[in-house]
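As written in Swiss-Prot, here are the features:
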- 7-27: transmembrane segment (TRANSMEM)
- 50-70: transmembrane segment (TRANSMEM)
- 84-104: transmembrane segment (TRANSMEM)
- 109-129: transmembrane segment (TRANSMEM)
- 149-169: transmembrane segment (TRANSMEM)
- 208-228: transmembrane segment (TRANSMEM)
Amino acid sequence: MELAERFLLDALAYLECALGVVCYVLLKLVGSPYGRYASSGSAFGLPARAAWTVQELPSLALPLLACAGAGAPAERLNRWPNCILLAMFLVHYAQRSLVFPFLIRGGKPMPLYAFLLAFIFCTYNGYLQSRYLSQYAVYADDWLSDPRFLTGSALWLIGMLINIHSDHVLRNLRKPGETGYKIPRGGLFEYISAANYFGEVVEWCGYALASWSIQGWAFAVFTFCVLFTRAQQHHKWYHEKFEDYPKFRKIMIPFLV
């Protein structure tokens, strides 16, 4: 049974990588029709705050259930590396499901299909990461001092802080009573159009490096594929919307792309 589930977790990780590539191609073709790109006549729109909270919850609930030993004792969570890595995952999704939605100002309705896809992914990936770390991931006794873990943990923290700060910048572009869109200023937005996405990609690449597993890297690959296409869409939109948009700004990676 354990061998079969371990094989399943590896297969799901490789599938997540493949799905990331598929999503990249599809989103390049059709774009991401939610948020500012959603049609005003879209049917079955869900309130933004409620949609964000519910769609992200599986990635918070499943690790918590793993910690509680629901279904099977969390055999590997008696090891510090496993606990810290799972905590990284938990902290991110606690912020995304319990804090971020309630900071949203206004927010266009979320199309039902976008909500369902996000909910399915958070369930899929939440199971993959939490089950692997709680039951199967084995690390050396000195893993906490390994350069991969230290570097990855630092990148995770830096990426999360960039993501949170960039979201704060975006929320405060408009003063009370103002409507419409503005050019983001400050922080990494001085260099790239999608600083919030860059932060999240750095965060999960750091997590992947610290976990040193196909499960962790699958999440990082999927995140990059989805967010980079969204960043390209933003970058193009900004240039079309604002004649004075800074020409030197890159899409998502400072000074490069």
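Including glycine, each Cβ sits where the backbone N, Cα and C put it.
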Item to check | Interface present between the transmembrane segment (109-129) and the transmembrane segment (50-70) (three or more C-beta pairs under 8 A) | outcome: yes
Checklist entry - Quick one: do the transmembrane segment (149-169) and the transmembrane segment (7-27) have at least 3 Cβ pairs under 8 Å, skipping pairs fewer than 6 apart in sequence? => result no
Item to check | Close approaches to the transmembrane segment (7-27) from elsewhere in its chain (Cβ under 8 angstroms; 6 or more beyond its ends) | outcome: 124-125, 128, 131-132, 136, 213-215, 217-219, 221-226, 228-230, 233
